[in-house]
Amino acid sequence: MPCPSRSDELVFFVNGRKVIERNADPEVTLLMRLTGTKYACGRGGCGACTVMVSKRDPTSQEIRHFSVTTCLVPICSLYGAAVTTVEGVGSMKTRLHPVQERIAKSHGTQCGFCTPGMVMSMYTLLRNHPQPSEEQLLEALGGNLCRCTGYRPILASGKTFCLESNGCQQKGTGKCCLDLGENDSSSLGRKSDVSPFALSSPQEYHLTPTRMTENPEKRTLTFHGERVTWISPGTFKDLLELKAKHPEAPLILGNTSLGPAMRSKGCLHPILLSPARISELNVVSKTNDGLTIGAGCSLAQVKDILAERVSELPEEKTQTYRALLKHLKSLASQQIRNMASLGGHIISRHSYSDLNPILAVGNATLNLTSEEGTRRIPLSEHFLAGLASADLKPEEILESVYIPHSQKWEFVSAFRQAQCQQNALPDVNAGMRVLFKEGTDIIEDLSITYGGVGAATVSAHKSCQQLLGRQWDELMLDEACRRLLDEVSLPGWAPGGRVEFKRTLVVSFFFKFYLQVLQELKKLIKPFPNSRRYPEISDRFLSALEDFPGTVPQGVQRYQSVDSHQPLQDPVGRPVMHLSGLKHATGEAEFCDDIPMVDKELCMALVTSTRAYAKIISIDLSEALEIPGVVDVITAKDIPGTNGTEDDKLLAVDEVLCVGQIIFAVVAETDVQAKRAIEKIKITYEELEPIIFTIKDAIKHNSFLCPEKKLEQGNIEEAFEKVDQIVEGEVHVGGQEHFYMETQRVLVIPKTEDKELDIYVSTQDPAHVQKTVSSTLNIPINRITCHVKRVGGGFGGKIGRPAVFGAIAAVGALKTGHPIRLVLDREDDMLITGGRHPLFGKYKVGFMNNGRIKALDIECFINGGCTLDDSELVTEFLILKLENAYKIRNLRFRGRACLTNLPSNTAFRGFGFPQGTLVTESCITAVAAKCGLPPEKIREKNMYRTVDKTIYKQAFNPESLIRCWNECLDASSFHNRRKQVEEFNKKNYWKKRGIAVIPMKFSVGFAATSYHQAAALVHIYTDGSVLVTHGGNELGQGIHTKMLQVASRELKIPMSHLHICETSTAMVPNTIATAASVGADINGKAVQNACQILLKRLEPIIKKNPEGTWEEWIEAAFEQRISLSATGYFRGYKAFMDWEKGEGDPFPYYVYGAACSEVEIDCLTGAHKKIRTDIVMDACCSLNPAIDIGQIEGAFIQGMGLYTTEELKYSPEGVLYSRGPDEYKIPTISDVPEEFNVSLLPSSQTPLTIYSSKGLGESGMFLGSSVFFAITDAVAAARKERDIAEDFTVKSPATPEWVRMACADRFTEMVYICPLPLEPPSHPTPWAIFK
């Protein structure tokens, strides 16, 4: 094949416009610089960069529309394709698409960073299915993560298009009350008659250009990059010739396996062969005995092909196909399934492959082709193990896969268990097949294959052979389990860890298979009077056969309507749409990295430590500086001012304290060049000791960051002597990654004079960035202006950390004289920035037999990491908030922050409350177990009831707390459902339900008056328009929307007259971090003050012309030289705490709430489903109930993630393993409770705050623990039935591993009886540690 020295032209289309790229680089992906296409993870795991690709199917010649994640799509793969981005779907400048409009008006956007991806996933669904089912909607959005909303309103907007839903489609018109011109979105959800949605106009089809419909070229296309050449043959013959010429070159179709490997592992292939245009690889053929599927078919196509075949054939022939379909529904995301090919999935041979175990037991055959001819090999254990004798030859390609039909008396099943239900790699999966001698239960053939339990897919061949000829009964089951545990062995140090859990799943899956097959046998075999009776399956065991189905959540949101006398123009208290909602949905909302490249801009990448505690011996930069495009390296020596603090350096000097500590930064012309330079830098270390990672080790070494914090009341020792019972216990709460969708990023632009800098940064505290840059560069603060337009999520993680990145980038800008852009990859962001503090708590509780708690002693230790950061404050807040809703006369709370060699942990939504209060609530549960009473009875008995004082002597009235509790019990029908749960548990052995209701008293604000001050600047222009600027930052919580609602009420003008541009330190100086739930409170007061000042100035003019218009009044004021600009100021809520005396008024007010959750667990796998959640929250008079309910829902789901799925794992060397969405699982759309109801407590007042509103940003986080305690309730029911002690060590998150192992049974006993393989001397430590 000729290989031209220059590249061919790459031709494709974007939003209907032809793009010709003459120098296409194969290493460049489709992640373009469009504001709608968001970079969030780089692995295809979050969906933020989703677009629609339209391609002609090489076989059917029909045009396919499918969603893809652009971070994985090589630009060279787009030849002849059409790409539709969110900008092409609709725009504020032209027209909005109903998808965009409805997601905004359903309040489905908060920070808005994920919204374009959500829009594109739904848009693609509608292009393929104008009347989608709710199941299709759930599937389409399964690969799109959102950290803000809690998903419910996003689904609500999508359901308006579904034919069978209760969404609003008005009377056959295809329209909705959320469409433009219909109402003002003053409801959170409407019900109306349903009709199908139709594409609005032929305009939608212009995005698929006519040129696409022409016959594609058959010639070979070649694209040369700097390091990689991409060759795309036009014919099958050309492909075989190229493979023979380049046998080491991989074939690339979806890039879902090769792409992440090239990115994270540095794998480089000089030549890539793309068979995307080869029709022979997409051929599907049906025969009487099986199905052959082309290796080039995407997994989404395979799913459709199998579904069609299942509908055509009798059930007995489709056993393997059904098993494959089961896993295809949960394998990865819709975007990945659209991209990944069947051949690529098989050839990759990942140990966690969901399909290979099923294909192996189903006796699938691989059809191979080369220039030498064709041959067939079985997809066997030897192929999966990579043995050369059973593998492809280098010059061969996989053309197709043959999957035979199953037969009568043959049964095939598939099993998998992952951290969460959707879009998660499995911990363990399995394919199992058994064939019986006709008319009997005698095993004729048996095949069992597991994934996730070794370096490759593992076949239990020996065990299966030894079971041939056996009857399918209990004796066979016991023997099979023992043999499987012997054969499928895992050492304690095995990669991935969770060894006991995985071994338990090995036998638990087989038990499920045993039951399934037994059920099927009983249908086939009708026993004669004298024939052998088959084992009976107890009705209580039948639930083990049922998987948890995916369901679209339903729910109701209740709030108090505004007073009927309130003017229609007054927006306060109304559910006004987020100001940027429509811009979020169209991609026109500009985030930090959406700012176009500025002149002479350079990119920066950070070099971090690979050692946990070490002395830096030497640094060799020579090779890095030789890389073309590298401009400079920024070290601590380049800092003209202060390098952070003595204990917390911006750039490391002489020694490093953790893996991920920043040592220096590389500046280059492009981001790619900077990252390549990093790979060439050589650093020599000398290890130091002791290296401390865990709280346990810190306590052992007396390693702490600050003195102990302590609060005490009553006489605790005396009280313990007078109680009936005493219980002691431990609680472990894992850390949590912020996982804001927009990673840390900053753009620093130096000006030409006076050392001025403009800094565009994603932060919650621009003033802190400004001050840090000032001290780092040794220039006055007034030369530095920080701009924050909007932030793509923060949750506390963008309070302190952005100042570090801003200062380092500013040093680079000062040294080079160029603008510097620094954008962290997800992996680096998670490695460097820290997160929520892990906690270890010990409690001792004394109580009477009736459940009254008389004494409680709690000692908490948090893992602060290697520097102080906010750890002392978190410890203080944790101790202050530990009592939660309970009045206990004798208390002692103590807290310490541990110094360890991990990245410093920092502020996170709830600020210690979600961890600490879990200890308190665990005490309550333990007391209930000892008293033989339900936990809710113990909670009620010990709750604050009358006006009282807290442990720190602050007075408060618990009336709203009691109201929330009672309304939650009533709204959730708690007592009736408690009985139903108990009844369910009596009837089911392998599935258990749990229910829990949790009260909450959450203290709002900072414990210092100076942190509650705020300022605002309001300008009125001569045309009557008003510009509002304040010190709060838009993080997605709708603060700008609320501020305009306040200004609208105060100035008595419509919101359409008002505008907020950005938060800028040049407009409002000395601002306080937008945090602690008081952003809208204090800035609202400042805006109110400014507006009142202006209105007072206008009073004489208004009195003189009361019938005049706003515009006339402003014009008259200007003529009379009245200032139309005013600074508003709020001095802050009074707050203080005297730790010496142990008393104070640290918090301005409390938010009260209660949540009831019900779950069902699978005792065999540890999986759970959330059946229902009811939340009642005291919002007093909500400024905007839509935004406030969104905050509650989002915080609840984030808290639910903390307590159930989000797990941080570190290597024994202190390296964070979980550095992306593949390893770290935040809740997905399928994790939302099936019924999710939120109510705002009506008729509640507080005179302290702006219009009697309350800050609700953080409080809902802890209510996610209601799911945790519902899970532990279900686990306790299982343990009680098995006669195991009901009290057990509480460990959060309640992962499937923890749940499964806590539900101890015959299978967990087998695992512990069968010893693990001995660990070799070179692996004395476990695979992972939990901090």
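Keep in mind that glycine also has a Cβ here, set from the backbone N, Cα and C atoms.
Now, the feature entries from TrEMBL:
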BINDING   C41, C46, C49, C71  [2Fe-2S] cluster 1 binding site
BINDING   C111, C114, C146, C148  [2Fe-2S] cluster 2 binding site
DOMAIN    223-408  domain 'FAD-binding PCMH-type'
BINDING   L251, I252, L253, G254, N255, T256, S257, L258, D354, L398, R416  FAD binding site
BINDING   Q764, F795, R909, A1076  Mo-molybdopterin binding site
BINDING   F911  substrate binding site
ACT_SITE  E1258  active site, proton acceptor
Row C114 ([2Fe-2S] cluster 2 binding site), column other C-beta within 10 angstroms, all chains, value 30
Students should find that the Cβ of Q764 (Mo-molybdopterin binding site) has, within 10 Å, a number of other Cβ atoms equal to 26
Using a 10 Å radius on the Cβ of C71 ([2Fe-2S] cluster 1 binding site), the other Cβ atoms enclosed count 25
Nearest to C46 ([2Fe-2S] cluster 1 binding site) by C-alpha distance, among the binding-site residues C146, C148, L251, D354, R909, is C146
Rounded Cα distance, in Å, between C111 ([2Fe-2S] cluster 2 binding site) and F795 (Mo-molybdopterin binding site) is 11
Taking only the CA atoms, the spacing between C146 ([2Fe-2S] cluster 2 binding site) and C71 ([2Fe-2S] cluster 1 binding site), expressed in whole angstrom, is 17
For C41 ([2Fe-2S] cluster 1 binding site), the spatially nearest of the recorded positions Q764, F795, E1258, using Cα atoms, is F795
Smallest Cα-Cα separation from S257 (FAD binding site) among the binding-site residues C49, C114, Q764 is shown by C49
Rounded Cα distance in angstrom between C49 ([2Fe-2S] cluster 1 binding site) and N255 (FAD binding site) is 15
Looking only at the binding-site residues Q764, R909, F911, R416 (FAD binding site) has its closest CA neighbour at R909
The rounded CA-CA distance in Å from C114 ([2Fe-2S] cluster 2 binding site) to F911 (substrate binding site) is 25
For the binding-site residues C41, C49, L251, L253, the largest set of other C-beta atoms within 10 Å encircles the C-beta of C49
Cβ density check for S257 (FAD binding site), other Cβ within 10 Å (all protein chains) comes to 21
Counting other CB atoms within 10 Å of each candidate's CB, the least crowded of the binding-site residues C46, C111, C146, C148, A1076 is A1076
Other than C41, C46, C49, C71, the chain contributes near [2Fe-2S] cluster 1 (Cβ within 8 Å of their centroid) the residues L31, K38, Y39, A40, G42, R43, G44, G45, G47, A48, T69, T70, R826
With the fewest other Cβ atoms within 10 Å, the residue among the binding-site residues F795, F911 is F911
Check: min Cα-Cα distance from E1258 (active site, proton acceptor) over binding-site residues C71, C148, L251, D354, Q764 goes to C148
